[in-house]
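A.B. asks: Take a look at the following structure, please.
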Amino acid sequence: MALPPKWYQFLVSVFASLGSLLYGYDLGVIAEAIASQSFINKFKASDNETGAVVSVFTGGAFFGAALGGPLGDRLGRKKTILIGALIFCLGGGLQTGAQTMGYLYSGRAIAGLGVGTLVMIVPLYQAELAHPSIRGRVTALQQFMLGVGALAAAWISYGTYVGFAPTNSAQWRVSLGIQIIPAAVLAALILLFPESPRWLIDHGKPEEGLKTLAKLHAHGNENDPWVRAEFDQIQDAITFEHEHEAKSYSELFTDRSSFRRLFLACALQASIQMTGVSAIQYYSVTIYGLMGIQGDDTLKYQAISSVIALIAQFLCILLIDYTGRRWPLILGNLGNMVTFIIATILLAKFPPGSSNNSAAAWGFIVITWIYNFSFSATCGPLSWIIPAEIFDTKTRSKGVSIATMVSFAFNTMIGQITKPAMTNIGYRYYFLFIICNLTNAIFFWAVLPETAKRPLEEMNHLFTYAPLFVPGMKSTDFATHDLERRVEEVERKQAYSEHVEETTR
């Protein structure tokens, strides 16, 4: 029995999101690796050197996201995923076998290069495969698989931490080496999956594009009304784009509609880092230490946080195509703000390590878990969903590439300034994130139109004609309903053809 088309699209997207899993795993596993006694004994690294081990990864990812844009347009979505996975395998191998800090730095940078390419291209590939009615839950897999990777890293790290002696380098090499396995599987099998039909049609392969659309949406039936209507709409949109839309990066900044979408995508990715997601996670480990929680217990509490995030991300997958995009993003930022207000009060009234108030410290930890739920159910997944769906075929790879670069740039910045900021101004640093979560909510309430369930080919119309100030808009405003009309037209033609055949028999 053949899978229903939407299940097939979803499962293909699950496999592609192994690239996202690598990002979550690598970010999670490196914290354990550099804290392992065998790692400390071998490298005797300073604080600056261990900090560089972490940050060089996101620096490499910045350039990987830049690389993914032109590769995605030139080679296709699948081959770009293949290249990103192979680069990651090389970086993972260098990290696993590192004998000096130089090997480790290069391995981290190369792995980051691969991850940057993957997290940029994977949600784009997913969005181009999916039916509009499930596009949100499909692209939300990016954040969900990040969570799966982080959870796997937490428990695998815990296992290697307690399972190997502090003198055995397997304590950190095993957990670093395991990340190569999903990357190798992704590289080995991705070419067996369908290419983006939009990329195929855009690159002069309409017959192959039609065949892929039929496989994705109608069990291979190329005469299915929805498939024919979608194919015609994509062809017409791509013809228009070739004549009028951005053909280079510079035109993303000169075409009004394209720049509006680029600005929103970049603002969204920057705003995600300014919710404080990295800062609160970095400092929560310090709180654990000041409470007297050390070693394997710290890993257990981090694993609890990962489980909470995964539950929230799963709820997002279930609900995001029903709730839309605007209000979850707005309410998520407001929820983040409330948790930061409570965390700031707790840190101000009961400074960890000096007040000996374990109840207040535990209160802070619970608040970080609540924050993690709020962020993971809303802002995190939407930071990948929205950029992947708002651009045209001609601009999508370029626009998502730039937006992802912004994400990694802000991630690196927050990672670098959080520790000195917490050392020098303490809880006052959190004022920044209280303000930013509030301004994020106001900004997206004012300027972000609803994009849920609109065909990708109708985004150009939405962002060209929708007002810049959008609160008065309905979710159905500026919808062309072009795809529905095309489906009805194809059905009428097919019914007429059948009628003619019957009367001539």
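Backbone N, Cα and C atoms are what each Cβ position is placed from, and that goes for glycine too.
Since the structure is predicted, the reported quantities are computational estimates derived from the model, not experimental observations.
The domain 'Major facilitator superfamily (MFS) profile' annotation in TrEMBL covers 12-452. Residues or ranges marked as transmembrane segment by TrEMBL: 7-31, 51-69, 81-98, 104-124, 144-164, 176-193, 262-283, 303-322, 329-348, 360-387, 399-417, 429-448.
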A.B. asks: Are the transmembrane segment (262-283) and the transmembrane segment (399-417) close, by which I mean at least 3 Cβ pairs under 8 Å that are 6+ residues apart in sequence?
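C.D. replies: Contact between the transmembrane segment (262-283) and the transmembrane segment (399-417): present.
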A.B. asks: Do the transmembrane segment (399-417) and the transmembrane segment (104-124) share at least 3 Cβ pairs under 8 Å, sequence separation 6 or more?
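C.D. replies: Result for the transmembrane segment (399-417) with the transmembrane segment (104-124) is yes.
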A.B. asks: Is the transmembrane segment (144-164) close to the transmembrane segment (329-348), in the sense of at least 3 CB pairs under 8 angstroms with a sequence gap of 6 or more?
C.D. replies: no
A.B. asks: Same-chain Cβ contacts of the transmembrane segment (104-124) under 8 Å, 6 or more residues past its ends?
C.D. replies: 16-17, 19-20, 22-23, 26, 30, 43, 52-54, 56-69, 71-72, 77, 80-81, 83-96, 98, 139, 142, 179, 183, 384-385, 387-388, 396-397, 400-401, 404-405, 408
A.B. asks: So if I exclude everything within five residues of the ends of the transmembrane segment (7-31), which remaining residues of that chain have a CB under 8 angstroms from its CBs? That is, six or more out.
C.D. replies: 53-54, 57, 61, 81, 84-85, 88, 92, 108, 111, 114-115, 118-119, 121-123, 125-126, 129-131, 134, 137-139, 141-154, 156-157, 175-176, 178-179, 182-183, 185-186, 189-190, 193-194, 216-217, 285, 302, 306
A.B. asks: Using a Cβ distance cut-off of under 8 Å, indicate which of 51-69, 144-164, 429-448 has the most pairs with the transmembrane segment (303-322).
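C.D. replies: If we count Cβ pairs closer than 8 Å to the transmembrane segment (303-322), 144-164 scores highest.
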A.B. asks: Who are the chain neighbours of the transmembrane segment (51-69) in space, where the CB to CB distance is under 8 Å and they lie at least 6 residues beyond its ends?
C.D. replies: 23, 26-27, 30-31, 34, 45, 80, 84, 87, 91, 101, 104-105, 108-121, 249, 397-398, 400-402, 404-405, 407-409, 411-412, 415-416, 419
A.B. asks: Can you name the far-off residues of the same chain, 6+ from the ends of the transmembrane segment (144-164), with a Cβ under 8 Å from a Cβ of it?
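C.D. replies: Same-chain contacts beyond the flanks: 14, 17-18, 20-29, 31-33, 36, 38, 170-172, 174-175, 178, 295-296, 299-300, 302-303, 306-307, 309-310, 313-314, 316-317, 376, 380-381.
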A.B. asks: Could you pull the average pLDDT for the domain 'Major facilitator superfamily (MFS) profile' (12-452)?
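C.D. replies: The predicted confidence over the domain 'Major facilitator superfamily (MFS) profile' (12-452), as a mean pLDDT, is 90.
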